[in-house]
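To start, the structure under review is shown below, and the notes come after it.
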Amino acid sequence: MKCLINGKIILKNQILENKVLVFDEKIIDIADSVPKDCEVIDADGKYISPGLIDIHIHGNMGKDTMDSTDESIETISKSIMRHGVTSFLPTTMTMDKEHVYDALEVIKKAQNRKLEGAQVLGAHLEGPFINENYKGAQNEKFIINSKYEFIKEYKDVIKVITYAPEKDIDFDFTREIKRCTDIVLSIGHSNANYDQAKEAINLGVTNVTHMFNAMTGLNHRDPGVVGAALTTNVYSELIADTIHINKDLFQFILNNKGKERLILITDSIEAGGLEDGNYSLGGQRVIVKGNEARLENGALAGSVLSLNKMVFNFLDNTNLKVNEAINLASLNPATSLGINDKKGSLEIGKDADIAVFDENLDCKMTLCLGDVVYKNI
């Protein structure tokens, strides 16, 4: 049994001081004093937060999910834990079927074992069921229409599918996914008009992928995918690096979408955590300069900012409290995946996935399932 002392404990609705967080692999108690025979860990006056959950991340520290190697997943896992991320969905790209399957096989193996860093919850399949008009940094060569048979073998590995519902003939794929799996469907890289997006949502789509980016925008006559995201109860991913979305819109988005349905993501590529230079994404050359990652044609190609700093950016540009901002990268993604009974907040009985942050949300310690995997105090 272990306990964290001398910290401000971030709960979903409040922040507690002068309390003790008691845990082993699970949260045991929030106590007034240190229990007998408890290993004491000093939080040094910092925030004690639920571990962050990144449901959309391609790579980090020179490695990418589409490398399809154990080493790459392990490197990503170890690198993002240094930023308070305790679990994640390695995210695929639009590539040939064999390449995608190779990546899913590696994710499947990682999903079933304990890693040294952040834990793999499953896969986020981004493409190949997208619209070429909004392909963004995806490779148009490998775009196909949505087919249930494509994902059937990996329906227990894939947790989220980003797709363009307007290319789903009669919404057959949408209906089959909802009927046969627990996979979350997310509209993204889509040319859907408002009515098409609303119909997909009515059929069970619950998420929108990196809202505002790679989708039909908000228009007063046809509100598009953005309008559907803002006027319905779907979860909406946001890349809060201030590059993909202007920071002056953060409060507007919060006011119109609500704090319970926003999910901060990184959409990080292999250049995350590294300096400016030339990198790769889905077999395409990416140039990183000044925290901007772009293809040679100028298209934005994911981000290079860590999830804790996405949270800080949102906190710094809205009226959210610290605990509310943390929820956007912990409780909300957990709830969207249906795992909030185990993860996403510091509640008794949940997994002891914990991060310790300073006032700037720089990570000072990370614990996965009760084990200290990173410490910089």
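Don't overthink the numbers, they just go from 1 along the chain as shown.
Cβ coordinates come from backbone N, Cα and C, glycine included.
Unlike curated records, TrEMBL annotations are generated automatically.
Remember, predicted model here, so these are calculated numbers, not experimental data.
Annotation comment: TrEMBL describes Asp267 as active site, proton donor/acceptor. Residues or ranges marked as Zn(2+) binding site by TrEMBL: Glu126, His189, His210. Annotation source TrEMBL lists substrate binding site at Ala137, Asn213, Ala214, Arg221, His244, Leu300, Ala301, Gly302. TrEMBL lists 47-368 with the feature domain 'Amidohydrolase-related'.
Projection of TrEMBL feature records onto the structure.
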| residue | record | DSSP class |
| --- | --- | --- |
| Glu126 | Zn(2+) binding site | strand |
| Ala137 | substrate binding site | coil |
| His189 | Zn(2+) binding site | coil |
| His210 | Zn(2+) binding site | coil |
| Arg221 | substrate binding site | coil |
| His244 | substrate binding site | coil |
| Asp267 | active site, proton donor/acceptor | coil |
| Gly302 | substrate binding site | coil |
Arg221 (substrate binding site), number of other Cβ atoms within 10 Å: 6
Same-chain residues at least 6 apart in sequence whose Cβ lies under 8 Å from Gly302 (substrate binding site): His58, Ala137, Thr266, Asp267, Ser268, Ile269, Leu281, Val286, Ala293
Other CB atoms, at most 10 A from the CB of Ala137 (substrate binding site): 23
Long-range Cβ environment of His189 (Zn(2+) binding site), under 8 Å and at least 6 residues apart: Glu126, Gly127, Ile130, Asn131, Tyr134, Lys135, Gly136, Gln138, Thr162, Tyr163, Ala164, Thr209, Ala214, Met215
Alpha-carbon spacing, His210 (Zn(2+) binding site) to His244 (substrate binding site), which is rounded to whole Å: 9
Mean per-residue pLDDT computed across the domain 'Amidohydrolase-related' (47-368): 97
Binding-site residues compared (His210, His244) - the one with the fewest other Cβ atoms within 10 Å: His244
Beyond the site residues Glu126, His189, His210: chain residues whose C-beta lies within 8 Å of the centroid, for Zn(2+): His56, Gly127, Ile130, Gly136, Gln138, Thr162, Ser186, Gly188, Thr209, Asn213, Ala214, Asp267
Neighbouring C-beta atoms (10 Å sphere around the C-beta of the residue listed as 'active site, proton donor/acceptor'): 29
Those residues of the chain, 6+ apart, with a Cβ under 8 Å from that of Ala301 (substrate binding site): Gly136, Ala137, Ile269, Leu281, Gln284, Val286, Ala293, Arg294, Leu295
Around the Cβ of Glu126 (Zn(2+) binding site), the count of other Cβ atoms that are within 10 Å: 29
